[in-house]
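The block underneath contains the structure these notes are about, expressed in structure tokens.
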Amino acid sequence: MVQTSLTETQKQICIGVLALQGAFQEHIHMLQHIPQVALAFPVRTTEQLRSVDALIIPGGESTTMALVAERSGIWDDLKEFVRTKPTWGTCAGMILLANEATKTKKGGQRLLGGLDITVNRNQFGSQIDSFESSLHISHVTSSTKDLFPAVFIRAPIISSINTPD
């Protein structure tokens with residue numbers, strides 16, 4: 001196999017993963033296996049945020065992430081970042097990127113915005129409704145006796161994709 005170098009059009013990029021709470025380490029680990037990603041690291045400060053080309057906001061607890069971001073002084077910089085640079089949000093990250101959220105905690109949910117969607121938080125129930133179960137999945141396990149450990153969480157859904165009037 002011949003290894004080729006990156007062309008000018010395949011610029012290597014630096015991707016940060018918001019590391020205030022949640023599953024940030026898993027994202028960093030996967031990003032380190034992508035050849036076009038020169039560097040992937042946790043972002044906890046404004047200085048770190050300013051040094052990345054793109055950002056991932058991972059799954060976790062959106063309320064906690066918003067609270068920690070505000071108390072640590074990075075919230076306003078995050079709001080600006082998501083309006084000017086590529087940002088991906090998974091689960092709690094998607095909630096934070098939405099312009100609108102329903103099924104929020106009492107008093108509402110603080111949002112970064114920038115993604116013109118409405119998200120229903122905890123669409124499938126509250127935290128107490130999350131559970132684990134072992135499943136037989138023929139393409140994942142080798143026999144009917146092998147079971148795959150599955151975790152079912154109260155995930156958000158996109159309830160509407162909004163369009164400007």
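Cβ atoms here come from the backbone N, Cα and C positions, even for glycine.
Around Glu61 (L-glutamine binding site), the same-chain residues six or more apart in sequence whose CB sits under 8 Å from its CB are Gln21, Gly22, Ala92, listed in sequence order. Residues annotated as L-glutamine binding site in TrEMBL: Gly60, Glu61, Ser62, Arg121, Ile153, Arg154.
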Fewest other C-beta atoms within 10 angstroms, as judged across Arg121, Arg154, which are the binding-site residues: Arg154
Site of maximum Cβ density within 10 Å, from binding-site residues Gly60, Ser62, Ile153: Ser62
